[in-house]
Amino acid sequence: MYNLLKGKRGIITGALDQNSIAWKVAEKAHEEGAEFVLTNAPIAMRMGEINALAEKTGSKIIPADATSIEDLTNLYTQSQEILGGKIDFVLHSIGMSVNIRKKIPYTESNYDYFMKGIDVSALSFHKMLAVAKKLDAISEGGSVVALTYMAAQRTYPFYTDMADIKAMLESIARSFGYHYGLEKKVRINTVSQSPTKTTAGTGVKGFGDFFDFADSVAPLGNADAESCADYCITLFSDLTRMVTMQNLFHDGGYSSTGVSDDVMKRLGIEPES
Ligand code: NAI
């Protein structure tokens, strides 16, 4: 441990169960000396698993639907009271597409579901930032990270409407990052993560096959949730204090690889000597 977050106060969204990326971020943030509040949608709380994480990390839980300005206002207000000051870091780890859940093909997307996906998975990020800015709840130099996927840049047919939604999420990081950076030096970045075996990840049709494909393309293999958490911790720390408005790939080299020897072999193509 490096005490990278010693004395820092945070808010961590999205820890549903032990597989959640946010769960690992909470464990690592605790190890690195941070104090934080855990939050999730009230409906996710009913599963109750988050209580174990709260106990382990000495954290309080504040339920909040990330699409509700009222809930978010309460979240920041209460978090500052509980933690005793402004917030230094925020993790947005929220994603949900009804079109994906219902296995609806992209070209036949249901627009009510599409709007719901946008609200939960992208606009919620804008709302979290706007409420924080209005309340002046994030300290100068604070760091906000949201999780995204490379389907925002390249087409992955199975990712359907979430591809467009993630593109919006990444754009919000840039746009809000400018304004919040100028005013309060608050940093806003997205981490573009490898396919990861979580509830949200495995809900995507064909995820298992694609997980293996991505693993065989990336020279380092797929990045797991734990290494993603490590990366997020560096972004919350002061060591990355000049990094903002970036979409940062955390994918074992996948996004820069055209084709790998392994994939060629699987296709039965022998490299020429
Ligand atoms: P997860 O299913 O463990 O986490 C998703 C979380 O979103 C859950 O805790 C859920 O309760 C929360 N959520 C849904 N609706 C909400 C609402 N209205 N208000 C507040 N919270 C709400 O899955 P995972 O994979 O840890 O997802 C975290 C983030 O990582 C998501 O943004 C996802 O798109 C992203 N990501 C995941 C990848 C994967 O392959 N698992 C790859 C790249 C990015």
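Placement of Cβ uses the backbone N, Cα and C atoms for every residue, glycine included.
For the NAD(+) site, TrEMBL records Ser20, Ile21, Ile94, Lys166, and the single candidate of Gly14, Gly85 listed with them is Gly14. Close to Tyr159 (active site, proton acceptor) in the fold, though at least 6 residues off in sequence, lie Ile100, Tyr149, Ala151, Val204, each with a CB less than 8 Å from its CB. Looking at the residues that bind NAD(+) per the record, Gly14, Ser20, Ile21, Ile94, Lys166, the two CA atoms farthest apart are separated by 18 Å. Within the same chain, the residues at least 6 positions away from Ile21 (NAD(+) binding site) whose Cβ sits under 8 Å from its Cβ are Gly14, Ser93, Leu147, Gln193, Thr196, Thr198, Ala225, Cys228, Ala229, listed in sequence order.
For ligand 1, the neighbouring recorded positions among Gly14, Ser20, Ile94, Tyr149, Tyr159, Lys166 are Gly14, Ser20, Ile94, Tyr149, by Cβ distance under 6 Å. Note: Lys166 (NAD(+) binding site) has non-local neighbours Ser121, Ala122, Thr148, Tyr149, Ala151, Ala152, i.e. same-chain residues 6+ apart with C-beta under 8 A of its own C-beta.
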